[in-house]
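Visitor: Dumping the structure here so I can ask a few things about it.
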Amino acid sequence: MAENSNGALGCVVRCLSSESELQELCREEQLCCAELGVTRKNLSDFEVEYLWNYKKVQDQELYLVKWKYYPDSESTWEPRHHLKCNNLLKQFHLDLERELLRRAKAAGTKKTAVRCPRRLDQSLSHYLVLKAKQRKRLRQWAQQLNAKRSHLGLILVENEVDLEGPPRDFVYINEYRVGEGVTINRISAGCKCRDCFSDEGGCCPGAFQHKKAYNNEGQVKVKPGFPIYECNSCCRCGPSCPNRVVQKGIQYKFCIFRTSDGRGWGVRTLEKIRKNSFVMEYVGEIITSEEAERRGQIYDRQGTTYLFDLDYVEDVYTVDAARYGNISHFVNHSCKPNLQVYNVFIDNLDERLPRIAFFATRTIRTGEELTFDYNMQVDPVDVESSKMDSNFGIAGLPASPKKRVRVECKCGVSSCRKYLF
């Protein structure tokens, strides 16, 4: 930020050096800069950023250390007993062992354990540098995701499969982003209930001739295909109302992880999720169907499936989560999923613009991957037996992502349909 001769703030000039480069410069010149985190206290400190080579000389283990805030050229060999970074040492050897096993498998051997060599060849050392830098980028990405999330659930990121880093040009959002030609009108009226569960006829679902969707524990009890009407910002009831579930956001800790079977990124839960519990929303940019057709032609060439029609009553709008989205962007398809989609209405009652919520179809164990069916359908017998009004039918379900190209399914379940669409 520049200042003019009168001390007033002037134009903003983009810095030509990165933050780490400026930190390195400060340390080289022995200059303190509070804005860069370089103070007198840590000016001469040495912090290990990562380990990127290893050798064993006689009986002494030595590690080539990249020091934080210093260029690669100033990396030094250090004996193990000088290093206090136990987690980095453990991760270094874990990465090394995994890569050695991968190479052994590629060579056709069936080793289940490998011995660390006395010296690493150049390709191994190069791999460990790339892996260390990737971990740094993924940590930074996880920090960015958690800084942007407005929900309770924490997000972790993990890649123990390859060297893929954070996706480019992906922006984390917590609610729909309204695109050109789309207008969302917020509701101006709400229920007057003091206890929304005691008055079946007067609360928000009853006003639209529908049953309450949740039980007292916030678990969905209506069948897939029926809409969910939650209490809104104009309702008299408070935030503890049992009819406020989706609007409270994600409550669970999740991990975005790299799959080992070619399905890209996936999402696993780090907590047990009970059957019929709300898990997450599918959010993205709301665009017109015409714009979706245009973008779809581009996505066809990329093999992506982030376009999700909002055709609860008519196909007018589409959610595009390719660039703007939340953690649902990374949820994979399965022909036998553990998530089910519901249309939800809260502060906007336009039936062309429902919110899309995922609920657990069964109890989901800690560490289990979350999936939904990209080509979801409902049993017509179930629809007919639980029919609530003459307008309900198969078309009442939220659509799957746009069915544009024939994509091979890799879900691996016994009932796999072989193709997504």
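Each Cβ is built from the backbone N, Cα and C atoms, and glycine gets one as well.
From Swiss-Prot, for reference:
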- Cys191, Cys204, Cys231, Cys235: Zn(2+) 2 binding site (BINDING)
- Cys191, Cys193, Cys196, Cys203, Cys204: Zn(2+) 1 binding site (BINDING)
- Cys196, Cys231, Cys237, Cys241: Zn(2+) 3 binding site (BINDING)
- Arg263, Gly264, Trp265, Tyr306, Asn332, His333: S-adenosyl-L-methionine binding site (BINDING)
- Cys335, Cys409, Cys411, Cys416: Zn(2+) 4 binding site (BINDING)
- 46-104: domain 'Chromo' (DOMAIN)
- 189-249: domain 'Pre-SET' (DOMAIN)
- 252-375: domain 'SET' (DOMAIN)
- 405-421: domain 'Post-SET' (DOMAIN)
Visitor: DSSP three-state call for Asn332 (S-adenosyl-L-methionine binding site): helix, strand or coil?
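Guide: It is in a strand.
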Visitor: Counting other CB atoms within 10 A of each CB, which of the binding-site residues Cys203, Cys335 comes out lowest?
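Guide: Across Cys203, Cys335, these binding-site residues, the one with fewest Cβ atoms within 10 Å is Cys335.
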Visitor: In whole Å, how far is Cys411 (Zn(2+) 4 binding site) from Trp265 (S-adenosyl-L-methionine binding site) when you measure between their Cα atoms?
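Guide: Distance between the two Cα atoms comes out at 13 Å.
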Visitor: Rank the binding-site residues Trp265, Tyr306 by the number of other Cβ atoms within 10 Å of each Cβ, and give the residue at the low end.
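Guide: Comparing Cβ neighbour counts within 10 Å for the binding-site residues Trp265, Tyr306 gives Trp265.
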Visitor: Which site among Cys196, Cys241, Cys409, Cys411, Cys416 has the most other CB atoms no more than 10 Å from its CB, taking these as binding-site residues?
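Guide: Going through Cys196, Cys241, Cys409, Cys411, Cys416 one by one, the largest Cβ count within 10 Å is at Cys196.
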Visitor: DSSP on the domain 'Chromo' (46-104): how many residues come out helix, how many strand, how many coil?
Guide: 25 helix, 22 strand, 12 coil
Visitor: According to DSSP, collapsed to three classes, what secondary structure does Cys235 (Zn(2+) 2 binding site) have?
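Guide: Going by the DSSP assignment, Cys235 (Zn(2+) 2 binding site) belongs to neither helix nor strand, so it counts as coil.
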Visitor: Quick one: of Cys203, Cys231, Cys235, Cys335, Cys416, which binding-site residues lie within 10 angstroms of Arg263 (S-adenosyl-L-methionine binding site), measuring between C-alpha atoms? Sequence order, please.
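Guide: Near Arg263 (S-adenosyl-L-methionine binding site) by Cα: none of them.
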